[in-house]
Amino acid sequence: MQRTLMNGKIHRATVTQADLHYVGSLTIDAGLMEAAGIVEGEQVHLVDITNGSRLVTYAITGEAGSGVIGVNGAAARLVQPGDLVIVITYAALDDAEVAAHQPRVVHVDAANRIVALGSDPAEPVPGAPAQLAGR
């Protein structure tokens, strides 16, 4: 049997752009993608903390160090620049793989710079106010 587990997460990123007339996808800073283990074209789930919307799209690589989190295409109607979001990927794992699985959690600041890396999906962003641990 396979189980679907969180594989990577960029937590509390700030949307930097929304382009309704782009073909589609989510543009993510290359450094953030690497840190979270996201590859170009991979399916990503986007959860908007600001307004509660959720959507599924695919990742495209943005300029490294730019901090870009760009929502493209029709999804730009659901997410606006300045919104706080969580970008999540999942992996299908065999039962034998589950125990050893370590997701990649990337915590960022308001400029989408990495402030901490970890593997605990319930850990709040270090130093960010008004967050509770998920445990």
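In case you wondered, yes, glycine gets a Cβ from its N, Cα and C as well.
Pulled from TrEMBL:
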{"type": "MOD_RES", "residues": "Ser25", "note": "pyruvic acid (Ser)"}
{"type": "ACT_SITE", "residues": "Ser25", "note": "active site, schiff-base intermediate with substrate"}
{"type": "BINDING", "residues": "Thr57, Gly73, Ala74, Ala75", "note": "substrate binding site"}
{"type": "ACT_SITE", "residues": "Tyr58", "note": "active site, proton donor"}
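All features noted in TrEMBL, drawn onto the structure.
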| residue | record | contacts (Cβ under 8 Å, 6+ apart) |
| --- | --- | --- |
| Ser25 | pyruvic acid (Ser) | Thr57, Tyr58, Ala59, Ile60, Asn72, Gly73 |
| Ala74 | substrate binding site | Leu20, Gly24 |
| Ala75 | substrate binding site | Ala18, Gly24, Leu26, Leu46, Leu55, Thr57 |
For Thr57 (substrate binding site), the number of other Cβ atoms found within 10 Å of its own Cβ: 18
Number of Cβ atoms other than its own within 10 Å, given for Gly73 (substrate binding site): 16
Other CB atoms, at most 10 A from the CB of Tyr58 (active site, proton donor): 13
Cβ-centroid neighbourhood (8 Å) of the substrate site, Thr57, Gly73, Ala74, Ala75 excluded: Gly24, Ser25, Leu26, Leu55, Val71, Asn72, Ala76, Leu78
